[in-house]
Amino acid sequence: MGQPGNRSVFLLAPNGSHAPDQDVPQERDEAWVVGMAIVMSLIVLAIVFGNVLVITAIAKFERLQTVTNYFITSLACADLVMGLAVVPFGASHILMKMWTFGSFWCEFWISIDVLCVTASIETLCVIAVDRYLAITSPFKYQCLLTKNKARVVILMVWVVSGLISFLPIKMHWYQATHREALNCYAEEACCDFFTNQPYAIASSIVSFYLPLVVMVFVYSRVFQVARRQLQKIDKSEGRFHAQNLSQAEQDGRSGPGHRRSSKFCLKEHKALKTLGIIMGTFTLCWLPFFIVNIVHGIHDNLIPKEVYILLNWVGYVNSAFNPLIYCRSPDFRMAFQELLCLHRSSLKAYGNGCSSNSNGRTDYTGEQSGCYLGEEKDSERLCEDAPGPEGCAHRQGTVPDDSTDSQGRNCSTNDSML
């Protein structure tokens, strides 16, 4: 977000920086500028490189092109725009202690900042709903949320985020009326984000707090369902291992299918944990800033400008974290290694999401859906049924399954969803 203009000091400026006529303070000021420039440059490089890698991996490898990963792409795009159009100009503003890009770009820069944060948290809300549908209604999931519908949802997220961010700023609904703010608005070299109290509170609620409440509520429901499923897996595994060996042999499909289903569900829950880490990291990085933003809107001089800007940059750094979190996924790790030419030999068939069998035939591995624990006591179904002897069904799953059908073909699902 833009910097509040209630003070004239700058982020982490060293003591004595206001006495340029003294050699020691001037040297300290130069050292501070160089040090901060290096740190900020590394942040920008990490954001851009990491998110370009994520977007390229999903675009190149068909195995990663799942509904959930479409939303991950949207999130990576928001982070990439943050790294290209927001963070560098924010760094320049701090280091040069003035705005050098004109009043039009000042408003545009602030609008893009709000856009990226709003689009990110709205996308996280959509991912939470996506996972809720996948884990509670796996058999309806394919119809409820197709790839085309996912594209429409992503478009709506960006349109709504654009209206929330650009409209109030371009219409100047945010502007404060006190003298310091008016002087800043009239000066092109000033890009401090002075806001009136209604805008500060309303924008924080609409852009952050409301989506945050929705995200936390939906994802808490997802984890409640996941916990119940894990408990059923534990109970069912105990019953399975207690069965007589002869009974297991009489039912050739129940044993392996049961193990595959349990493995599938457990890895689905691991994927949920990864998405939970992404959402938790975003919340931890941005929540302090938006708390301060509300306080700043109510009492202008209560929060030092250094604290405001520092918390803003903590939020910026979040854009570099997500690519690191995606490395929890084996498929993302392999894709990153392939793109960086670190592990080419084992990824020959990776790009099209296919796996070759001993007969030289290739089977396509489908995309993800959720894990399901049915209530039927007679079948004790844990997830989707394993492929029958007719061949590999077009199963959907988030994790690899090393099973084969009766003809020796690989019926494994993939781990493309984190």
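For all residues, glycine too, the Cβ spot is worked out from N, Cα and C.
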Requested in this report: Answer yes or no as to whether Swiss-Prot lists Ala31 and Val225 within the same topological domain, that is, on the same side of the membrane.
Outcome: no
Report task. With Cys106 as one half of a disulfide in Swiss-Prot, pick the other half from Cys190, Cys191, Cys265. Result -> Cys191
Query raised in the report: Swiss-Prot annotates one residue of Asn6, Asn414 as N-linked glycosylation site; which residue is it?
Result: Asn6
Query raised in the report: To the nearest whole angstrom, what is the C-alpha distance linking Tyr141 (phosphotyrosine) and Cys190 (disulfide bond)?
Result: 51
Query raised in the report: Should Cys106 (disulfide bond) be counted as helix, strand, or coil on the basis of DSSP?
Result: helix
Query raised in the report: CB neighbours of Cys190 (disulfide bond) within 10 A?
Result: 19
Report summary line: If you measure between the CA atoms of Cys191 (disulfide bond) and Cys184 (disulfide bond) and round to the nearest Å, you get 7
**Report entry** Number of Cβ atoms other than its own within 10 Å, given for Cys184 (disulfide bond)
**Finding:** 19
